[in-house]
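Structure first, then comments.
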């Protein structure tokens, strides 16, 4: 475990050594450092200021930007790493291996290997291990974006257009989006039931196990009880392998106490596990990483600062406009479901944020930000990775997805 957390900063892909060293893009380091700073802020400050913690269901708080920002910068980095791919087979092998390492690391960190610390009973509970989590989601986005860049790029030297040069990327993104929307709104969710020990869900713990019934019989519902994302996870992963403390327990309907217990009088779904990094929502997370890849293309292939920033701002405003339009017509902004509108708005926010950092650091040369968030961003990884499980996951992501 310690070896995994203290692994050196590695490139996603080793590039052929040349006599001329490519200058490092300082804005990428600053953006990574900013992501880690936000992660620390919302993780430690969320309990004091709930307004910056994750939104209980629909809505957008500061903490809900952290995951999309990491997916965004992973996509940007991939465009630089795979700017030239002399051997697609070898590049694919390394990309798959790296994604597998990232996924396995996520299982080790969040899957249940560290349970029993307080009671001094260590071990692995394979019946309740959590298969999906933060690093697993990023590994899914990473492999989709990497394979797109390795196999589906057909950019010519004279054309740097987002749509024309990488139309196969957009084909994959639109296909994944259509699949997500079809499953989210099209699947019928029947009534379902689950068992839960009263010792973990009640204010008055006992050793009894209760059976809860959730009445649904609906299609296209996006509430916490009857959405198709939760149904898919229950069928594919099993309800015992889902996240045990979903954020929707902070909703008023659940009446959760200050010690984190849900009373028996709360609706039955308040007691149910739900994975915010589930199967269905990982599809739009992969699309978010592919969007970040498109921003990286301007960084990799355009030399003019003005043209880069113009592309990024135009692209970001377009995504933001579509995302706000979807929210206005009824598609909720929801991190737990990683809805299409949420994906577009947060990706646009990441693009605008990175454009501002690029302008300040790489164009105007304000290197004080590099010292605070760039160089010291690596120190953030070193210091905070052992303080919290979620911090360890995001820090490991930064280590594995580092690019030069």
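Every residue gets a Cβ built from N, Cα and C, even glycine.
The domain 'Heparan-alpha-glucosaminide N-acetyltransferase catalytic' feature in TrEMBL is assigned to 24-146.
TrEMBL lists 30-53 (among others) with the feature transmembrane segment.
Under the heading transmembrane segment, TrEMBL lists 65-83 (among others). Beyond its flanks by at least six residues, the transmembrane segment (65-83) meets 11-13, 15, 25, 28, 31-32, 34-35, 38-39, 42, 91, 134, 137-138, 141-142, 145-146, 149-150, 153, 285, 288-297, 299-301, 335, 343, 346-347, 349-351, 353-354, 394, 397-398, 401-403 of its own chain at Cβ-Cβ distances under 8 Å.
TrEMBL lists 95-114 (among others) with the feature transmembrane segment.
TrEMBL lists 134-154 (among others) with the feature transmembrane segment. Beyond the ends of the transmembrane segment (134-154), by six or more residues, the same chain brings 12, 67, 70-71, 74-75, 78-79, 82, 85, 88, 91-92, 95-96, 98-100, 102-103, 105-107, 109-110, 165-169, 171-172, 176, 277, 282, 285-286, 288-290, 292-293, 390, 393-394, 396-397, 401 to within a C-beta distance below 8 angstroms of the stretch.
Per TrEMBL, the feature transmembrane segment maps to 166-188 (among others).
Sequence annotations record features per position, and here TrEMBL assigns transmembrane segment to 279-300 (among others).
What TrEMBL records for 312-330 (among others) is transmembrane segment.
The feature transmembrane segment is assigned by TrEMBL to 342-361 (among others). Here the transmembrane segment (342-361) has Cβ contacts under 8 Å with residues 26-27, 30-31, 34, 60, 64-65, 68-69, 72-73, 76, 284-285, 287-288, 291-292, 295, 305, 308-309, 312-313, 315-320, 322-324, 326-327, 332-335, 367, 369-370, 374 of the same chain, all six or more residues outside its ends.
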Stretch of maximal Cβ-Cβ contact with the transmembrane segment (279-300) [cut-off: under 8 Å; candidates 30-53, 166-188, 312-330]:
166-188
What does DSSP give as the helix, strand and coil breakdown of the domain 'Heparan-alpha-glucosaminide N-acetyltransferase catalytic' (24-146)?
79 helix, 1 strand, 43 coil
